[in-house]
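Working notes for the structure below.
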Amino acid sequence: MSDGAAARRWGKCGPPCSRESIMVAFKGVWTQAFWKAVTAEFLAMLIFVLLSVGSTINWGGSENPLPVDMVLISLCFGLSIATMVQCFGHISGGHINPAVTVAMVCTRKISIAKSVFYITAQCLGAIIGAGILYLVTPPSVVGGLGVTTVHGNLTAGHGLLVELIITFQLVFTIFASCDSKRTDVTGSVALAIGFSVAIGHLFAINYTGASMNPARSFGPAVIMGNWENHWIYWVGPIIGAVLAGALYEYVFCPDVELKRRLKEAFSKAAQQTKGSYMEVEDNRSQVETEDLILKPGVVHVIDIDRGDEKKGKDSSGEVLSSV
């Protein structure tokens, strides 16, 4: 295709992958706060996998295995995630779980661009955490290194449903605990999330290993090369997380003010001339405004033809993007 034909095809705005389009989509990537958040997700996942998966090691070895201590494993996973959320929640939001990140994208709390970096960091952290655990564990007791597997008497469909259910209750707890509209939450949000993880393990360890976290399953699977039914630990948790986030955000506790602002935003977007686009932002927190969170408090319109910016601001309460 000639340059002239390409220009006519894409119009004045240029192709969707133009340098300007990419710069706008990933504008928050160039900030220090953004990379601190991504690094926090990486480090939190590394520590979480190292500590929690370490509790699954059977020190009796394959010849004389010890009974599985479900309470020990459940408490270790729950307290580990609570500790990481408490440590890193104010830096990155403390997702520490790709399923939670996807749920945040679907409820417009972060952008797709930011989620890509978060999920990548989470998966890398899980791999390195599992690798360190493998390195420091005697070969005679490594076993499966905590690889999550479906019980032999269950089908893949059963495993998928169990992972969906336990992740649903986890993410619903996250959204409910972090709802800034609530005035009755006085306890520790991190501890509430930790208890939710522990409950999921107490119920589902014997069913599927109780993942609730695709990265937690991904790290040990990479190190051990065991991919049996691995897709379950991505599909189940992500579906459960999206359902929980959507039900809480749009059905049980919808934000009336947010709906009004979005309606105004789309109305203004419809009135813009061809060659303009609109994105929704918020100016609530200086820690967050420099990165890629999708925020509904500000209507930000850039006219590509004129190269100027127009902003229509509206006051809003804080929407917590935590965990």
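Cβ coordinates are placed from backbone N, Cα and C, and glycine is handled just like the others.
In Swiss-Prot, the feature phosphoserine is assigned, of Ser62, Ser276, Ser316, to Ser276; the remaining candidates carry no such note in the record.
Each of Lys36 and His230 belongs to a differently named topological domain in Swiss-Prot, hence to opposite sides of the membrane. Cross-referencing 94-101, 262-269, 286-293 with Swiss-Prot places the feature intramembrane segment at 94-101. Candidates Asn153, Asn206 were compared with Swiss-Prot; the annotation N-linked glycosylation site appears at Asn153. Noted from Swiss-Prot: of Ser92, Ser285, the annotation phosphoserine belongs to Ser285. Comparing Ser180, Ser315 with the features listed in Swiss-Prot, the residue bearing the annotation phosphoserine is Ser180. Long-range contacts of the transmembrane segment (156-176) within the same chain: residues 99-100, 103, 107, 150, 182, 192-193, 196-197, 199-200, 203-204, 207-208, 210-213, 229, 232-233, 235-241, 243-245, 247-249, 253, 322-323, each at least 6 residues beyond the stretch ends and with a Cβ under 8 Å from a Cβ of the stretch. Taking CA atoms as the reference points, Ser111 (phosphoserine) and Ser180 (phosphoserine) are 19 Å apart. Take the transmembrane segment (37-57) and the stretches 70-89, 116-136, 185-205, 232-252: counting Cβ pairs under 8 Å, 116-136 has the most. Cβ neighbour count for Ser111 (phosphoserine): 22 (other Cβ atoms within 10 Å of its Cβ, all protein chains included).
The most crowded of the recorded positions listed here (Asn153, Ser180) is Ser180, judged by how many other CB atoms sit within 10 Å of its own CB.
The average pLDDT for the topological domain 'Cytoplasmic' (1-36) in the predicted structure is 61.
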